[in-house]
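*Asks:* After the structure tokens below, expect a handful of questions from me.
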């Protein structure tokens, strides 16, 4: 029952965010002049940096506060990853004899239990596979947020005038707390129970009477090598998006290396910028698509997470593209907003 409560709490949070934030973006994207006032209102809340409406400077904070998202993301994801990994090693070990990869992976990604949150019909081996899959997803998320944190300090040089609405700031904090939890929400209660028991044992027995946990590097990593094809395909797609986002962020950061350019905007070139105006947004969608595939694609919570990322960044990319077209007369005509040859 606790598992159901956690899962539906996370799903409820995503559904609420969809109604409050994504639905207005969809309505604002309808191409009709009757919605101009509504569109400006939405952009005043959702815009940031160069696409923030000039009249919306009230209730804004510097865009460099983006770093707060990644500090929260790194700390929270690290805690979830460490707890889940310890739980997996101690309570869900995998042996090569019992771990029949193709059968387990195909069943967990199959149709009969799609979107299910119940584990009563799972065998112990299938449940252990599910736990190690969560470890894999959190490990990918850790790689992502750690790079974003490093970039926020050493790559991006925000214009002093770049700001974002305070509601957008809170939305970012919400995202980097809820996104990692979404990747492991179906096992979070048992992991929390395991951690609670370990803490209680430590408090009750004291440090001198608590046995040091055994650590075997091979046994801690080898189960990840036994995951299914969906996990490795998803991981490869994730890394593809991750690498291109790193390159695109490096290009954007290089545009402001000269202090005299701190307040200037320059047309970026290189990597996926040859095709779209916001390739870093496209790469973000690609890497979250990788997480979705690696999850098996059967958890509606992760679908809600992916949909939020895709909808939010598609809208932001469209506004960014229109800004570029207004700002630069020589802007490349062959570039699309975010999806090559489509939009």
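Cβ from N, Cα, C; glycine included.
Remember, predicted model here, so these are calculated numbers, not experimental data.
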*Asks:* With the ranges 45-65, 66-86 to choose from, which does Swiss-Prot describe as transmembrane segment?
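*Replies:* Range annotated as transmembrane segment by Swiss-Prot: 66-86.
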*Asks:* Counting Cβ pairs under 8 Å to the transmembrane segment (164-184), which of 12-32, 66-86, 223-243, 266-286, 291-311 comes out on top?
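*Replies:* Per the Cβ under 8 Å count, 66-86.
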*Asks:* Is it the case that the transmembrane segment (223-243) and the transmembrane segment (291-311) touch, counting contact as three or more CB pairs under 8 Å in which the residues of each pair are 6 or more positions apart?
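*Replies:* Yes, these stretches are in contact.
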*Asks:* Sort out the residues at least 6 away from either end of the transmembrane segment (12-32), same chain, that have Cβ-Cβ distances under 8 Å to it, and list them.
*Replies:* 38-39, 42-43, 46, 171, 174, 178, 182, 301, 304-305, 307-308, 311-312, 315, 318
